[in-house]
Amino acid sequence: MICRSLLLLRSNAASKASNIVKHVAATGCLPKYSSEAPARYFSSEPSLQVDSTEENGFKGHGMLAPFTAGWQSTDLHPLVIDRSEGSYVYDINGKKYIDALAGLWSTALGGNEPRLIKAATDQLNKLPFYHSFWNRTTKPSLDLANEILSMFTAREMGKIFFTNSGSEANDSQVKLVWYYNNALGRPNKKKFIARSKSYHGSTLVSASLSGLPALHQKFDLPAPFVLHTDCPHYWRFHLPDETEEEFATRLATNLENLILKEGPETIAAFIAEPVMGAGGVIPPPKTYFEKIQAVLKKYDILLIADEVITAFGRLGTMFGCDMYDIKPDLVSIAKALSSAYMPIGAILVSPEITDVIYSQSNKLGSFAHGFTYSGHPVSCAVAIEALKIYKERNIIEHVQKIAPRFQEGIKAFSGSPIVGEIRGLGLILGTEFVDNKSPNDPFPAEWGVGSLFGAECEKRGMLIRVAGDNIMLSPPLIMTPDEVEEIICKYGDALKATEERIAELKAKRG
């Protein structure tokens, strides 16, 4: 399948993509509130769900929807997804969309995978629930823990603690680290350092760790024990003539200065995503993790790798730690662990931390932390089957095979006059929209450029993530080459339509 946007690119390979600004067809579908609403984090502009007299509309529904503005629930019908099949989802009216975000970075094996469905139904028929408290547990939870430990090869890990989500995993990390330092007689070593623009979840603690203002505003966050250091976004934050390595050195120096300012005896841990996800898909600059890890080791500060998005093949490696030679003390995983078919998350705990936790719990009589659904047998059974599929179908090799075309196909649009940067690796990509191709020249917030682009994608049958004037792609890992081409085509057509709309807005502004 060759769409017009690709034909134009190929026929004008010697010219800049910024010259390709004419829309292939008239577009009259613009966000209903694009001139009124500010650029929004996390929610795609639901501009296509306009007021309707259809009986199956759900405007004013009874759900307090996550990461959704109140006016969206009140004034617009939501996009109601009814079923999924492979890399596609279908709405309640039967419209087909290629799911270019894999739900929320999570349905790595696509929709309607029969082996995962069978694993769930078999376990439901055998043992639908039992807990893991008080030295009681289930066989699926024991088997999954062993499987995860065997798959993680960046360093040896000791134990697995099960949660229901990535947010719960990162929230639990803080309790584990505090418990650990209390056991070692270090009651003041409690502060956490995270990074600006990071995302670690939306509970009180995990939202505090996150470095996105939208998660803090009017929630009285972040918590006082959380500090934030530099975002490692080279394109946006490097100094003139500063190389990536020099940028990484400066950020490591800034981290060390923050540690010294606060007192190394007060800093417990540093948490980082191997590739930042919801903050805009930000891969680290060269030598970044090497230099950061050296600082942490110098001051006896634990490293937590948040692999909720990057684990199980997203980057073309089984874990993000493998890609960047990260040697963490603790790891958070979720999402692709079960391909999102069942809620489950987990923490990988190093042997050193495990030994201290065991010693402390022996003194106290219990390790008093856990959840009703920790190690839920159905979730664990599905996750076990998902991990088998990753290995049996060589999903990592498949990602490595299709990722180059995915990356080069989207990055071919980097010359667009409204694109500042397209960045990513493996099967994850982010696009940042700016004026004059400068990180210091944003579009007016009221234009909602990211939302305009998201609406154009949705109109063409593709779902993406919008975060202000950043958009993200993170499709299922099972994509076929034809599906990769479909995403590239729809991205290109949506981009041209957005360019045309921005030209109109500029003309009106004068």
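Cβ atoms here come from the backbone N, Cα and C positions, even for glycine.
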Of Asp306, Asp322, Asp325, Asp329, which one shares the pyridoxal 5'-phosphate site with Gly166, Ser167 in Swiss-Prot?
Asp306
On a C-alpha basis, identify the one among Gly166, Ser167, Asp306 that is nearest to Lys335 (substrate binding site); the candidates are the binding-site residues.
Gly166
Work out how many Å separate Tyr199 (substrate binding site) and Asp306 (pyridoxal 5'-phosphate binding site) at their Cα atoms, rounded off.
9
Record lists Gly166, Ser167, Asp306 as binding pyridoxal 5'-phosphate; longest Cα-Cα distance in Å?
10
Based on DSSP, name the secondary structure state of Asp306 (pyridoxal 5'-phosphate binding site): helix, strand or coil.
strand
In the same chain, which residues outside the set Gly166, Ser167, Asp306 have their CB within 8 A of the centroid of the CB atoms that define the pyridoxal 5'-phosphate site?
Ser165, Glu168, Ala169, Asn170, Tyr199, His200, Gly201, Ser206, Val308, Ser332, Ala334, Gly345
What number of additional C-beta atoms lies within 10 angstroms of the C-beta atom of Lys335 (substrate binding site)?
27
What is the number of other Cβ atoms found within 10 Å of the Cβ of Gly166 (pyridoxal 5'-phosphate binding site)?
29
How many other Cβ atoms sit within 10 Å of the Cβ of Asp306 (pyridoxal 5'-phosphate binding site)?
32
